[in-house]
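Undergrad: Annotated active site, proton acceptor per TrEMBL: Lys35, Tyr256, in sequence order. Residues or ranges marked as N6-(pyridoxal phosphate)lysine by TrEMBL: Lys35. If you look up TrEMBL, you'll see Arg131, Met304 marked as substrate binding site. Summarising the annotation, TrEMBL assigns domain 'Alanine racemase C-terminal' to 235-359.
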Amino acid sequence: MPRQTRARIDLNALRGNFRLARELAPGTHSMAVVKADGYGHGLEAVAQALTQETDCLAVATLEEAQRIRQVGLSPEVVLLEGVHEPSDWRLVVEGRFQPVLHSLHQLEGVDCVPGNGAVPVWVKCNTGMNRLGLDAEGVETMVLRIRETPGLEVAGLMTHYACADDTADAMTGEQARRMRAISREFPGLPVSAANSAAHFHGNESHFDWTRPGIMLYGGTPLIGRRGPDLDLRPVMKLESRVIAVRTLAPGETVGYGATWTAEQPTRMGIVEIGYGDGYPRHAPNGTPVAVDGCRCELIGRVSMDMIAVSLEACPQAGVGSSVELWGETVSVDEVAQLSGTISYELLTAVSPRVPRLHESGEEA
Ligand SMILES: *Cc1c(COP(=O)(O)O)cnc(C)c1O
């Protein structure tokens, strides 16, 4: 029998989360962000499901954009980091992608673009993130250069928020104000600014095109919250099974480093998943793990291929019992918080060893 460790992907929940994003930002358009293999959920299946809801997707790399075309999908595809080499322009034209330009050097090689206004490009504005983007004067130069380049047209202006994960942080409002000031110089150009987190701020931060990512996958974009608190549905269920059971006597320890010691006789199960599958090695003792639907606790260190779980909360569990590492019963945000990280990292780190099973299920 093949290993029973896998990630079930609920594509209806994905589409439901997209619709919630739309409701939170009325009057806007949305590009659904599917970079990093659809945040670990499988790019092709996620792209396919989301193109039923929107005709614009966003990715980080040319390779990701090409994978969307290779399965025969024809949405608009925005390249969030644009082009890196002059030769990338030919691939942009072939794939009809929309690069985001953050620097004049990216225009090298653009002369291979056929001169019929074919390629829409976005201009990245730096409003305080200080990662990619041009300041106000740089934006002006860039827009002029694009407008005088045959074959290019300006699709819009883009910026990115640094602190939107905290709805009380004043920086989002300040960045929105700077973006508004820049865009006043370019009447008619649409603006894209809102990541998932900004959907939970007021509409002054939404602008014309939103870019929801993590919320589509059911993870919280807001610190200190969990997806279900925000009415987001979990999309990935990471599951495995119990492959061995033993009872520890008081004083016995579990696993590498002997970091957990039984205080009383403890029935425990070994589960066939570990950090080699992307389960976080930093998950501490007590991290919830659902066995046969009841919440049990991780004990001892996470190994590469296995973890140990106390079965004291689930006496009927045994070899073959089903295990949910995250999904409906245990929120991926809860595991992330306990492990000192964010669901973005856990979801994108599920390793290629874990098969993704895509399911459309019943409409909720
Ligand atoms: C990843 C990314 C997003 C989506 O961010 P979330 O926090 O996942 O919603 C939006 N815009 C840009 C430029 C990104 O890189």
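Quick reminder: no glycine exception, Cβ is built from N, Cα and C everywhere.
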Undergrad: Just the number: how many Å between the Cα atoms of Lys35 (active site, proton acceptor) and Tyr256 (active site, proton acceptor)?
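TA: For Lys35 (active site, proton acceptor) versus Tyr256 (active site, proton acceptor), the Cα atoms are 35 Å apart.
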Undergrad: For the domain 'Alanine racemase C-terminal' (235-359), what's the model's average pLDDT?
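TA: Mean pLDDT, the domain 'Alanine racemase C-terminal' (235-359): 98.
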Undergrad: When DSSP is mapped onto helix/strand/coil, what comes out for Lys35 (active site, proton acceptor)?
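TA: Lys35 (active site, proton acceptor) sits in a helix per DSSP.
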Undergrad: Taking 10 A as the limit, how many CB atoms besides its own sit near the CB of Arg131 (substrate binding site)?
TA: 11
Undergrad: Give me the count of other Cβ atoms within 10 A of the Cβ belonging to Met304 (substrate binding site).
TA: 12
Undergrad: Using DSSP, how many residues in the domain 'Alanine racemase C-terminal' (235-359) fall into helix, strand and coil?
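TA: Per-class counts: 20 helix, 46 strand, 59 coil.
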Undergrad: Between Met304 (substrate binding site) and Tyr256 (active site, proton acceptor), how far is it from one CA atom to the other, in Å?
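TA: Distance (Cα to Cα, whole Å): 11 Å.
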Undergrad: Around Tyr256 (active site, proton acceptor), which residues of its chain at least 6 apart sit with Cβ under 8 Å of its Cβ?
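TA: In sequence order, the residues whose Cβ lies under 8 Å from that of Tyr256 (active site, proton acceptor) (at least 6 apart) are Gly300, Arg301, Ser303.
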Undergrad: Work out the three-state DSSP category of Arg131 (substrate binding site).
TA: coil
Undergrad: Which number gives the other C-beta atoms within 10 angstroms of the C-beta of Lys35 (active site, proton acceptor), all protein chains shown included?
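TA: Result for Lys35 (active site, proton acceptor): 19 other Cβ atoms within 10 Å.
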